[in-house]
Structures are given as structure tokens and as C-alpha cells.
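Enquirer: TrEMBL lists 20-39, 46-69, 75-95, 116-135, 150-169, 190-211, 231-252, 308-327 with the feature transmembrane segment.
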Amino acid sequence: LPQDPMDFEWSYWIEWGRERILWLLAGHLLVSQMSWLLVEKYKPWCLMVYGMAACWLLLGIKGFAVILLHAAISFAVAQFQLSLLTWLCSLILLSTLRIPALEETKRKWYDTENEYYLLLFTVSVRCLFCTSFSLEYCWHAPTQKSSHSFPWMLAYVFYYPTFHNGPLLNFDEFSKQMRRQEAFSVKTNLSILIVGIIRIFFWWCLAELMIHLMYIHALYSSALPLESASYWALGGLALAQVLFFYVKYLVLYGVPGLLLQMDGLKPPALPCCVSLMHSFTKMWRSFDVGLHRFLVRYIYVPMGGSQASLLGTLLSTALTFAFVSYWHGGQSYLWYWGALNWLGVVVENGTKRILSISLIQDLI
């Protein structure tokens with residue numbers, strides 16, 4: 001049966017994966033295992049050089065220069081060790097992705113829209129990595145200077161498995177795990193690789209079946225079937241869409257997650273099945289675990305989080321969702337999406353607080 005082409009994200013990454021990215025990931029795996037076996041001490045730098053070469057190959061010299069420039073500016077601003085200044089720099093760099101004149105200039109660098117979009121997606125994800133490193137630099141003690149140097153920033157920013165689409169791994173986790181010395185075991189790594197490939201292949205087959213049989217996204221792109229459908233049918237379509245989104249990210253995060261394991265790193269947990277979730281809070285905690293850790297560590301907790309007053313907690317949560325909406329593109333529908341998620345989280349936590357009152361507990 002013909003494929004439903006209306007899910008842009010799946011079609012886009014599968015096409016890039018088949019053409020180049022899977023081959024470059026295989027090259028990363030080979031370099032990683034060889035450097036672990038032969039020059040373990042220099043493994044981070046071998047992977048850094050490989051990531052830079054892969055970036056140059058896919059995005060060209062100009063795309064490579066943009067990412068290097070973002071990293072250099074972030075590192076220079078981090079020298080002041082002011083978190084607010086670091087955040088201001090990160091937001092300004094992120095905003096450059098939405099300046100029409102710059103967009104047109106970058107489009108002219110490439111022959112196709114797909115190549116330009118690859119630069120756009122890559123730079124937006126790299127902005128989070130630069131922000132993570134810069135904030136950790138602001139907070140680090142003088143004794144940790146060697147592990148927060150510019151070469152370490154480049155090793156983190158150009159780490160290839162997470163380069164284009166994540167998942168997000170905070171710098172403190174990356175540096176600790178990458179510097180940890182572990183014995184190389186061919187047998188262990190081979191078993192991890194084989195099991196991982198079988199699981200990812202199963203998820204990919206399932207996603208392809210959904211794309212070829214269910215036509216969820218094609219139905220959503222036409223108003224007529226939606227207007228004529230019952231509420232039960234609309235609910236079923238909504239559930240089918242989020243289930244496909246879940247399976248899709250098992251593949252998109254499963255591949256880099258497997259390579260992280262092969263490198264001796266612990267990847268963020270893969271998304272939890274949406275059918276097991278009944279709350280906004282759990283959805284945000286367990287679907288994109290890497291993004292959740294980033295938001296909690298660098299926005300929610302520094303702004304006071306759950307330890308602040310009621311107003312402070314509401315503000316911390318609102319700023320967190322505001323950043324998520326802005327980072328995803330900042331279009332009006334994303335602000336509505338962020339606001340509704342913020343409202344869902346606030347209502348859930350407010351209900352929990354009310355239910356924890358002893359008088360209410362006695363009534364229950």
C-alpha cells in the first residue's frame with residue numbers, strides 16, 4: 001500500500017538516514033570502538049574530530065562555521081560566569097534562526113530545502129548543548145577548570161550520535177561518563193549492539209506499518225473527514241497519532257541511544273508508552289527524558305521550582321513551558337500548546353496539594 005507522506009518528521013529523518021546519516025553513525029561507531037581499544041585516553045578527541053568532519057561533510061563549510069561560531073560565542077560569554085547573561089546570549093543565538101534575512105542567506109548555501117532544514121534542526125539542538133555547557137561553566141568550581149575547557153565544549157557540541165536531533169544529554173552527565181575509564185569488552189559491546197539493532201528494527205517495522213496502513217496524518221490534513229467523524233472517532237484518531245509519535249521516537253532516539261551505550265555512556269531513558277500515562281506531569285517527565293532534565297536543571301530549579309512560594313512555582317513552570325514553546329519555533333499554535341500543558345500541570349499539582357490536606361484525607 002502507498003505510504004502516508006503527511007508526517008514530515010518521519011519522512012524527513014528516514015530519507016536522511018538512508019542517504020547519509022546512518023552511514024555516518026556507523027562510522028562513528030567504528031571510530032569509537034577503535035579509539036576505545038587502541039587510544040582510550042584520547043577517545044573524546046577522536047570522537048570530536050570525527051563529529052566535526054561529519055558536520056562539515058553534511059552541512060558544508062558554512063554550516064560547520066555557524067555551529068563553531070555559536071559555540072565560540074557561548075564560551076566567550078560564559079567567561080563572565082553570570083547565568084543571566086548566558087541565558088540572554090542563548091536566547092539571542094536562538095532568535096537568529098528566525099530572522100528572515102539570515103534565513104534567506106542560509107537557504108542560498110544549499111541546493112535543496114531539505115539541506116537547509118538539516119542545518120536549522122541541527123543548530124537549534126546545538127543551542128541547547130551550548131547552553132548546558134555554558135551554565136555548567138558558570139557554576140563550576142575552579143578545581144574543575146580542566147573539564148570545562150573549550151576543547152571539552154567542542155567534544156560535547158560535536159558529539160555525533162546526538163548531533164542532529166538529540167536526545168539531549170546535559171554536559172555534567174556527558175563529561176563525567178566520558179572521562180570515566182572502563183574496560184573494553186568486545187563480547188559485551190557486541191551483545192548490546194545486536195539486541196539494540198533487533199529492537200530498533202522491530203520499532204521501525206511497526207512505524208512503517210502504521211504509516212502504510214492507518215493514514216492518520218492524511219486524515220488530519222483534510223477537514224472533511226474530521227468534520228463528519230463522531231467524537232469517539234476523533235478520540236481514536238488522536239490516540240492513534242500520539243501512539244505513532246511514541247513509536248517514531250523509539251526509533252529516532254533509539255538509534256543514538258544505542259550508540260551512546262556503545263560509547264560507554266548512559267543515554268536518557270526512551271519514551272514511556274503514552275497509553276500508560278494519565279497525567280501531563282508524567283508525560284513531560286517520561287516522554288523526552290533528556291529535555292525534561294535540561295528544563296528542570298537549568299530553568300525550573302534555578303527559578304525556585306517546587307521549593308518556592310505558590311506564585312514562584314507558577315512562574316517557574318510558566319517560564320519552563322515558555323522556553324519549550326519558543327525553542328520549538330515560537331509560532332502561535334506552539335504558545336497555545338505550551339499554555340495548555342502549563343495549565344494541565346498546574347491543575348494536577350494544585351489538586352495534589354488540596355488532596356494532601358489532612359481534613360480532605362479524612363473525608364476521603
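The chain as shown is numbered from 1 upward.
Any Cβ shown, glycine's included, is placed from N, Cα and C.
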Enquirer: Under 8 Å between C-beta atoms and at least six residues away from its ends: which parts of the chain pack against the transmembrane segment (46-69)?
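Expert: Sequence-remote neighbours of the transmembrane segment (46-69) are 20-21, 24, 27-28, 31-32, 35, 39, 106, 109-110, 115, 118-119, 122-123, 126, 151, 154-155, 157-160, 163, 263.
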Enquirer: Within the same chain, where does the transmembrane segment (20-39) have neighbours whose Cβ lies under 8 angstroms from its own Cβ atoms, ignoring anything closer than 6 residues to its ends? I mean 6 or more beyond.
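Expert: Contacts of the transmembrane segment (20-39) (Cβ under 8 Å, skipping residues fewer than 6 from its ends): 13, 46-47, 50-51, 54, 57-58, 160-161, 164, 184, 189, 193, 255-256, 259, 262-264.
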Enquirer: Quickly jot the same-chain residues contacting the transmembrane segment (308-327) by Cβ under 8 Å, restricted to those at least six beyond its ends, or write none.
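Expert: Distant Cβ neighbours of the transmembrane segment (308-327) are 91, 94, 124, 127-128, 291, 295, 299-300, 334-335, 337-339, 341-342, 345-346, 349.
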